[in-house]
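What follows is a set of notes on a single structure, which appears directly below.
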Amino acid sequence: MDANFLTSRPAQLPDYDTATPVDSENEQTVEKSPLFRKIDDALMNKVALFQSSYARYAARAMLATLFLTLGTAAAFGTALQAEKLLPGSGKFTFAFMFSWSLVMIIFMGAELGTSNMLFVTVGVYRKKIHFSTAAKVLGTTLLFNLIGGVFFAYLISLTGPFQDLPSANYLFDGIAAKLSKSSIQIFVEAIFANIIVNTAFFINLRMKDDAGKVMAIIFVIFIFAFLGYEHVIANFPAFSLAFFASHGTIAGMTLGSVLHNLFFALIGNYVGGALVIGMTYAWMNKTKTNYVD
């Protein structure tokens, strides 16, 4: 028997929290960032559900715009009443109430296209999934976000608060203003909108206390809602609700103007969420140092 076998010490396993990535192309690196371990886990759960049960994944994507529709309806509903009591206050009440949409989406486990832009892009960059898988997951999420947004907005438009609205009100005027924006304005605003939304997702992943998460999400999302920035998924139910509630009478609301807004909002959201936040943080955390998130 080899004497070295009797005297050698067993190899020590690396500590999951502190191990430094090995500098070898042939060995698996150990992820030091707690944030990106959570991102990897979340991504793998999404992909596993998508591949094992497409219908369940689609349902979660539709639920995202159910909650967005409810939040949007509550936001516009309170803004309509606030404007009657104190002109100019509608913007504040809208932003606060809309912020609860993301709280519901996160805590109810729904699939939002603008956050999945980050997850799948980072997954491809970090070689966790193939590009084709990323495209299918993101495409499915966006498709069923759209279907859910239109369907649930139609149902909400049948409820009392949205019956017989005057032609000039906070909802209709706000949507008309969105549709009149230039391409570059929509694009830039969409970049910042999804920077804010994915910052809220990062905060949710890093915090442990649920009450703290709720407060943080509300105040972060308040920024983008108050500034009126463009979020392609939020616009699905917003445009649909305005269309159904107005019976298609909003000035400047045509198929062309709606598609124009959604296209540039989609591109801008991808840049802001997937590239500015997702890729930047993925690159910064791909380091041999201990300075990770």
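The backbone N, Cα and C atoms fix where each Cβ goes, and this holds for glycine too.
Any TrEMBL annotation is an automated prediction that lacks curation.
Here TrEMBL flags 1-10 as compositional bias 'Polar residues'.
Annotation comment: TrEMBL describes 1-27 as region 'Disordered'.
What TrEMBL records for 61-80 (among others) is transmembrane segment. Remote same-chain partners of the transmembrane segment (61-80), defined as residues 6 or more beyond its termini with a Cβ less than 8 Å from a stretch Cβ, comprise 90-91, 93-102, 104-105, 108, 110-113, 140-141, 143-149, 151-153, 156, 159, 161-162, 165, 169-171, 174, 225, 233-234, 236-238, 241.
Remote same-chain partners of the transmembrane segment (100-125), defined as residues 6 or more beyond its termini with a Cβ less than 8 Å from a stretch Cβ, comprise 36, 39-40, 42-43, 46-47, 57, 60-61, 63-64, 66-68, 70-72, 74-75, 131, 133-135, 137-138, 141-142, 144-145, 194, 197-198, 200-201, 204, 210, 213-214, 217-218, 221, 231-234, 269-270, 273-275, 277-279, 281-283. TrEMBL lists 100-125 (among others) with the feature transmembrane segment.
Sequence annotations record features per position, and here TrEMBL assigns transmembrane segment to 137-162 (among others).
Positions annotated as transmembrane segment by TrEMBL: 182-202 (among others).
According to TrEMBL, the transmembrane segment annotation covers 214-232 (among others). Remote same-chain residues near the transmembrane segment (214-232) are listed as 75, 91-92, 94-96, 98-103, 106, 113-114, 142, 174, 177-178, 181, 186, 189-190, 192-194, 196-197, 199-200, 203-204, 207, 261-262, 264-266, 268-269 (criterion: CB distance under 8 Å, separation of at least six residues from the stretch ends).
What TrEMBL lists as transmembrane segment is 262-284 (among others).
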Folded-back contacts onto the transmembrane segment (262-284), same chain, C-beta under 8 angstroms, at least six residues removed: 35-36, 114-115, 117-122, 125-126, 142, 183, 186-195, 197-199, 202, 230-233, 235-236, 293
